[in-house]
Amino acid sequence: MQNWLIEQLQRMNMSDALVKPEGFTREGYTSEETNAIAVFKAIAEELGLAVAEDAAGNIIARWEVPGGESAAVATGSHLDTVPNGGAFDGGAGVVCGLGAVKMLKEADFEPQRPIEVICFRSEESSRFGVSTIGSKAMSGLLDPAIGALEDQHGTTLAEAVNSQGFDWQNLSKAKRPKEQLKSFVELHIEQGMHIIEHKKNYGIVNGVACPIRLAVTFSGKAGHTGTTPMDRRQDALAAAAPFISFVQETALQLNDSNGKSLMATVSTLTSAPNSMNVIPQTVTAGVDIRSVDDSLKKKMADAIRCEAERIEQATGVSIAIEVLVDNPSVLLDRSIAQELADAGEQEAYLLHRMDSGAGHDVMNMAQVWPSGLLFIPCKDGLSHHPDEYATAEDLKMGVELLARFLMEATTK
């Protein structure tokens, strides 16, 4: 099984090397993503699965059960990457799903309801600034307005979708009726170190920490750096500096005082006119706030607003805060989590229960169907990086966990 998993990952990544200096660039709704998905389809067909493509380009590889229950138990992930990303983010979930089907078929298992392995389109947000497009479409959560979003080359999302043979106007047709699925489980590399640090084998996720994202704009007054007196300046960047430190320090304090995990990051910063001899007039800071506890996210956002008012009064620089995203965090199904824990116990693997600070397709599927998220370790917790890596042994463990879960879930 280990060799088979590596070989299929090599096929889908179209490379004998799964770790290479330049990594892999396979952004959503590009020919590179389409080509990788074509390989997924081929592997699924080799396993005897019926392959269908929905209006968004998601691929549904289905193990049909004539005369059995109609609602399927599904697993899956994605094959797109960030620029210069790794081979295992998304790919691990896809190949382990196929591997679980292979394992069950080789054991002559006969499910009483269909099993699906789904390959979602465009999970990463790197191209258009919005993530999980394929699973949003399948779950009925897609906002048609995002079709106007542009990538760095000026191509809109709608144009990108159309370029791959789909019709943006018809993407909503990918929405699936609730009765088609019984449940959904995603396997993913952890993208962190919790499993390894706790000396466990795998992780089960309680909830996904969806973000509040703010654009904080500091508006000062440009002037000559050599002639404008220091005490008469309205320097937007100087006003932004203590704000950045405030976000870092307050997030640390809220973690300590609440005992719950909160992440707050000033992750982007732009300055204009961005000239060596001109006082910065406008600075925009992008702030990303994440926690499974929505009240804690709100507390952090409220603290940011109070600090912005204080800085305005102290500096004369005006500050505007725009809410870009305010998504409630997603708690995953407890019964599915317990079934995954039972699967791990039967396979003699040690479990770590945790939250996910990163978004995944499962957070959309969980809005409609009982869903769970299973993590396997990745080397040094590294992801979105060319050196991203998961061992063949851990991939095989993922297959065994999924196979055990699918076996139990399709005989009830």
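In case you wondered, yes, glycine gets a Cβ from its N, Cα and C as well.
Model, not experiment: these values are computed from the prediction.
Residues or ranges marked as Zn(2+) 1 binding site by TrEMBL: His78, Asp89, His188. Counting every protein chain shown, the number of other Cβ atoms lying within 10 Å of the Cβ of His188 (Zn(2+) 1 binding site) is 30.
Per TrEMBL, Zn(2+) 2 binding site is recorded for Asp89, Glu124, His384. In the three-state DSSP reading, Asp89 (Zn(2+) 1 binding site) counts as coil.
Long-range Cβ proximity for Arg213 (allantoate binding site), meaning a same-chain Cβ under 8 A and a gap of 6 or more residues, is found for Gly286, Val287, Asp288, Ile289, Val323, Leu324, Val325, Asp326. As annotated by TrEMBL, allantoate binding site applies to Arg213, Asn277, Arg290.
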Seminar exercise, completed: Close in space but at least six residues away in sequence, with Cβ under 8 Å from that of Asp89 (Zn(2+) 1 binding site), the same-chain residues are Thr81, Val82, His188, Ile189, Gln191, Ser383, His384, Glu388
Problem set entry | Glu124 (Zn(2+) 2 binding site) and Asn277 (allantoate binding site), distance between Cα atoms, whole Å | 38
For this session: Please list residues from the chain of Arg290 (allantoate binding site) whose Cβ is under 8 angstroms from its Cβ, counting only those at least six apart in sequence.
Result: Ala209, Cys210, Pro211, Ile212, Leu262, Met263, Ala264, Lys297, Gly357
Exercise. If you draw a 10 Å sphere on the Cβ of Glu124 (Zn(2+) 2 binding site), how many other Cβ atoms land inside?
Worked result: 24
Seminar exercise, completed: Reduced DSSP state (H/G/I helix, E/B strand, rest coil) at His384 (Zn(2+) 2 binding site) is coil
Exercise. Counting Cβ atoms within 10 Å across all protein chains shown, which of the binding-site residues His78, His384 comes out on top?
Worked result: His78
